[in-house]
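**Student:** Questions regarding the structure given below will be posed in turn.
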Amino acid sequence: MKVAVSGFKGRMGHEVVKTVLREEDLELVAVLDHEPKEKNIREIVEFSSLDVPVYANLSEMLEEAKPDCVVDFTTPKVGYSNTKTILEHGVRAVVGTTGFTPEQIESLREIAETKKIGALIAPNFAVGAVLMMQFAQKAAKYFPNVEIIELHHDNKLDAPSGTAVKTAEMMAENRTFVKQGAEDEVELMEGARGAEYEGMRIHSVRLPGLVAHQEVIFGAEGQGLTIRHDSYDRISFMSGVALSIRKTKELETLIYGLENILD
């Protein structure tokens, strides 16, 4: 299966390139960077034995390299337009870029179904993170008082994280609405109580040294429950990325969330 990587110079994109090279059934045919200094990936010491073209223009890459699937790890600013372009060219997409609105996801789903091609957008590709979200969804039925703390490296551009938003969405489906906190609480500093989704509070931490971490903290009379997942290295996401690439061959629609393709 021919694969191209968009955003290959980012930390996640770089790890995806190495993953595609390791997998026997996947072939790296192109990489994309918005301002490349190289014309071929072999100009990078780590990949000096390879012959893979570097593109600056997405449409040009799609037309010349003809990948079966594009993996996109870029930025929220261009994530939607990139995915739209990929699908409109009739190419499958695996997208780890976050920041999509529900309306954008539905628009992309319509394109995928019209073209009859598979695509997957996932806030998190770590299987452990998906299990955390599923456990939290189940717990929310019995513990409606809950807050989320998500922690990421300080270069992450969006807050709260896509994983935190997805977790809140899943819990809301299974949770009696409770507006967390005192009715007359006052923020002495704006934003002190975090963002709010369906009465739940979401707090974002950005610090150097972190990768991707999340706690879902439940409280009830006389007891508490904390569900936590930690990604210490970006390799934790790669099994999910490889699975998603292969899964797009079986799909004729866009799937949102890795949990929807796990058995």
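Even glycines carry a Cβ here, placed using N, Cα and C.
Residues or ranges marked as active site, proton donor/acceptor by Swiss-Prot on the basis of sequence analysis: His152. The active site, proton donor feature in Swiss-Prot is assigned to Lys156; the stated evidence is sequence analysis. Per Swiss-Prot, NAD(+) binding site is recorded for Gly7, Phe8, Lys9, Gly10, Arg11, Met12, Gly96, Thr97, Thr98, Ala122, Pro123, Asn124, Phe125. Among the features that Swiss-Prot reports, (S)-2,3,4,5-tetrahydrodipicolinate binding site is placed at His153, Gly162, Thr163, with the record citing sequence analysis.
Set these features in their place in the structure for me.
**Tutor:** In the shown protein chains, 23 other C-beta atoms lie within 10 A of the C-beta of His152 (active site, proton donor/acceptor).
Taking a C-beta cut-off of under 8 angstroms and a sequence separation of 6 or more, Lys156 (active site, proton donor) has the following same-chain neighbours: Arg206.
In sequence order, Gly13, Leu32, Asp33, Asp72, Phe73, Thr74, Thr75, Thr97 are the residues of the chain that are 6 or more apart from Gly7 (NAD(+) binding site) and have a CB within less than 8 Å of its CB. Look at Gly7 (NAD(+) binding site): DSSP puts it in coil.
In three-state terms derived from DSSP, Thr163 ((S)-2,3,4,5-tetrahydrodipicolinate binding site) belongs to a helical segment.
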**Student:** Measuring Cα to Cα, how many Å separate His152 (active site, proton donor/acceptor) from Thr163 ((S)-2,3,4,5-tetrahydrodipicolinate binding site)?
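**Tutor:** If we compare the Cα positions of His152 (active site, proton donor/acceptor) and Thr163 ((S)-2,3,4,5-tetrahydrodipicolinate binding site), the gap is 11 Å.
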**Student:** Using all protein chains in view, find how many other C-beta atoms are within 10 Å of the C-beta of Gly162 ((S)-2,3,4,5-tetrahydrodipicolinate binding site).
**Tutor:** 20
**Student:** Please identify, among the binding-site residues His153, Gly162, Thr163, the one with the smallest Cα-Cα distance to Thr98 (NAD(+) binding site).
**Tutor:** Gly162
